[in-house]
């Protein structure tokens, strides 16, 4: 035993002996269990020494676990003991064996997930897909099951909601799990409308397909029989392969996972798109100083999802970057939490940090420490504040329950529930008088006369029944058929206090269904009385009993016994309540309230109420009083700081008012909701049913309670006239109209409520859109109607009424704007108005009506009517109808005269869609299952680009119809299109990636779609080659277009009011016009090439239309592009030809300005040439003709480039005055000043002034006494300047400053007559020299050059710093097509767009976006105690 007892020592043994054998049991593990286990291990031929370590226990567990299923009880006990021991070794606390086993299970599950993840990351998972689009049928063949409409719909919705944000990629990946290329193309096609994105995607797919073909060359020779061909790039993209081939590749042995490969290509493309739409790196996500932590976490994870990294790297980012990039307030808290904190803990800890409440809390803590003493000192002024006491029993202030004289309330005083007393209550706040005990949620509601008691409004309420109370519980009423009484309702949100009349006196009394007797205080009643004692809460009270007293309550009379005595509150007990038919109604409306929050960091709306007219205030007061009675709204006090404006409008065609609340501000601040329904149901998707009913839910929103915590934000105020009293404040208890959450919450409640009914009655179809219900079944009408009543009962139980007024039993049914008949449907009758003048608003309504009608009336057009609305016009502007619009309207009227019907969908038959071209870019289509029985029709007239052709438009129509088919019926129809197969093939070979068309056949309905011309892919040998070009002047709008041919012909035409793009097109048009039936054209315009290569057959541009006409007449045309201005033969010549007089004429208007400037500043020719765009010849001519400048010709000064901190100083003399000149050697920049005397003091002062303006490191002077003086040395020492001296008597050592002195004197001479004093002329000359003379290095002026030199110097130094720092970084990177991160490599250089790295002695350039740069923390990284420092990239 001794040997084995050493398995656990000290602390571990203590922990072992605390663990129970079974949960809740008394027996615990002892040393004997370890000894037993070691003996047992020997029996199983396992080494007992393994028990001493964690690793050993793990190995034993691995050996024993597989045999547990078949092992004996002893084996299981042994396994359990070892699992517990394994956790004791790891110092992980477990309370009993079961907990240890659960932990093990969890650990193994996690491990399994990781390994699965790893295998998935390594490559495409083996075996068949996870989503199972490919299934094995009973014969063992692999068959394809196409993507479900739900999947496609989800995908479309993702793109609509998220555009191309990072979440799109994981969503795509999940939705397309295991899909074939054909499925993937279907997915892409459903979002084909996003053309720019699809174009980018297409380019990526093309590149990847080309790369695939390069890496997988075709094997020579025929394919051996029985062997499959290898897929090419276009096969993988699903364009040149059939579905059968794709399945065969994916399921062969070994498989070629074409679906996964194509998916990888698409994801590469989506990555590019995402980067374009939201270019954010995870390193840039930093928490703002006042940003709530929750928002920061949302942004962080949103970006993290988009990062292309393995799970490990992402895990690392979460652990380090999340904390690191938090703001200082949150970072302090997060660091205190320690490294192992979960995200939940972090969120909780950082809640409210940085916000005003957080600051206030910190301030309050500080204040409480500082001011506690001060408050105590002032205490003598008053004898401590008395705490106001309140009675638990009656709710009045001033006494406690023990001394209360009111009748004793039953149940707990704190929560109001029976079955326990207050001392045992678990509830925290006293809640007795808000009797919302049984139902924590929900509200009272209005009940119409037909409503029954089973109606269950959503809260406990008292109902006082009117009329003949002798009816036993008004039984007839209960059936919902009897008299139509409207009961007063008293909700229990406040105490049910009413005004009663007793013996002609008015009193307030509490309706108390828990009291047997009626007890009143302080009232004198006539007649005899008997003394009586009754038991109350505070003991017994003496009362006088009066019999046969008449009381009037809520307009109902009752006669009975009344007790008069010292009761704290007047009580009407059951003896009276039963007489007036008062009942307590418990709701059965457990509609759960949906919890709603504001957006993080936002507060409720605080919008002031605007003034209202008297009649509106009256109307609103009435409406709100009514709503309050019904429990839809409640009054609130001034403690609620929120407000939303309210106003009133007249109802349509009525004198009644409607209350409108302007919830725009609250809507901005409310969280977002997922719209439960993505669109409106369409009748063409309904299956034909024998019996149909249409119902409408009454007061839909007001039947659903609003989350209690959210109600305060819906507060609004009814103002008073002339502000004579404060406004009345209310808040909503139910879903308000106009609030953004109402539709989603109502619909989800409705779905939950209908679910049990749908389950019980699967044969009944219920379409629910908001409060419209369509119920169809194949039952005979009697049974059907019985089911309808069941449904109405079911809805009533939840508090939803279905008013008879809107209950449609007989066809035709009006539903959602449609008219439904038993075997056909149409849109509700459409009346087009006849008007003499039309406003913008009228035309908008007209177009809306026609669009609505077009879903069943084929041939409706609105193009010309829409044209009338172009431009920004006011709604009331009158618009004259054009002749085309008149004609279009007349045609539409004709079409609408004959009523047209659609039929219903039969799932057993195929869907067929037929498309016709109507001309003028308008298309019409019909979807049917049997000829001449359309399910629905539609039109398409959207032009996506300025230049288009019919084939392109046809593909757009097909995509629209396919999407519609998926949404309504869940499948794509077969298409019948007016285009020949050959025409389609020609177009499609060029454009297959951008367009996908499902199964289709040719149908000969003119006009047929055709390609009118074709461009050659190779130059035409023997045809004349035209080099074309155009140029235009932006200011004058004048231009030229022309060509030169390889046969020496040339032509140029002048154009007015044109642009560069137009002239390029004009030149092509000239070439086509002047050439034979075959022609080669070379242009340098990408714009023109792009338009013509897309084969347009119509365009909004007149010139493009002319080009199209010319192209149609040619036999063969080849069009090619060359880059401009690259000296390419014919292109360069034609460029010169069209440019003369256009591009170079521009300098003429610059000459005058240049001459004017030269007269002022005498700038040199280089400065003028660059500032005024003058040719050098002209600029030199200006200098030559100036009498002051041609004396000595141009000064030459090409400096030697010296280090940036050196200046030369010297004194020169002019007009008997001393000028001190400093020159920046490297740039030739001058600072100069007239000084009173040549002394050390003046020189020192000048040097300090210079050092304050520029970085001066070294000054170079001659040996003059002023420069060698002690004062100058002191100034140089203070400013950190090194002083150097020239060689005595050798003026060349001061060469730079000497030549500058000459130059300066020359300039002073040129401007001297413009200034009175020499010192002014010196500064003018300095300005001219520094900024008006260009030349030397870089053709800069001296001022530009000094700035450039200093900036370059700073950058170079920074770079040096970076290079030394950069050694501390490591780079993780991805190669061109491999998605796995490699590294770490050494960082050699980091630029804007790329980084240079060293990976195993190989130097690589990696695009910036494919590299992650991480600080290298050395070996300690591995330790637990490592605290990572800054992670950003320098």
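Even glycines carry a Cβ here, placed using N, Cα and C.
Per Swiss-Prot, region 'Disordered' is recorded for 103-124 (among others).
Sequence annotations record features per position, and here Swiss-Prot assigns phosphotyrosine to 132.
Residues or ranges marked as zinc finger in Swiss-Prot: 389-406 (among others).
Per Swiss-Prot, the feature zinc finger maps to 410-427 (among others); the stated evidence is sequence analysis.
Per Swiss-Prot, region 'Disordered' is recorded for 443-483 (among others).
According to Swiss-Prot, the domain 'Peptidase A2' annotation covers 507-576. With DSSP states grouped into helix (H, G, I), strand (E, B) and coil, the domain 'Peptidase A2' (507-576) comes out at 3 helix, 40 strand, 27 coil.
Sequence annotations record features per position, and here Swiss-Prot assigns active site, for protease activity to 512. Spatially close to residue 512 (active site, for protease activity) yet at least six residues away along the chain are 571, 572, 573, judged by Cβ distances under 8 angstroms.
Mean pLDDT of the predicted structure over the domain 'Reverse transcriptase' (630-820): 80. Annotation comment: Swiss-Prot describes 630-820 as domain 'Reverse transcriptase'.
Among the features that Swiss-Prot reports, domain 'RNase H type-1' is placed at 1020-1143.
As annotated by Swiss-Prot, zinc finger applies to 1149-1190 (among others), with the evidence given as sequence analysis.
The annotation domain 'Integrase catalytic' is assigned in Swiss-Prot to 1200-1350 on the grounds of sequence analysis.
For 1210, 1262, 1298, the entry in Swiss-Prot reads Mg(2+) 3 binding site. In the three-state DSSP assignment, the secondary structure recorded for residue 1298 (Mg(2+) 3 binding site) is helix.
Here the binding-site residues are 1210, 1298; the one with the fewest Cβ atoms within 10 Å of its Cβ is 1298. A 10 Å cutoff on Cβ-Cβ distances gives residue 1262 (Mg(2+) 3 binding site) a total of 22 other Cβ atoms nearby, all chains included. The residues of the zinc finger (389-406), classed with DSSP into helix (H, G, I), strand (E, B) and coil, number 3 helix, 2 strand, 13 coil. Summarised by DSSP class, the composition of the domain 'RNase H type-1' (1020-1143) is 46 helix, 36 strand, 42 coil.
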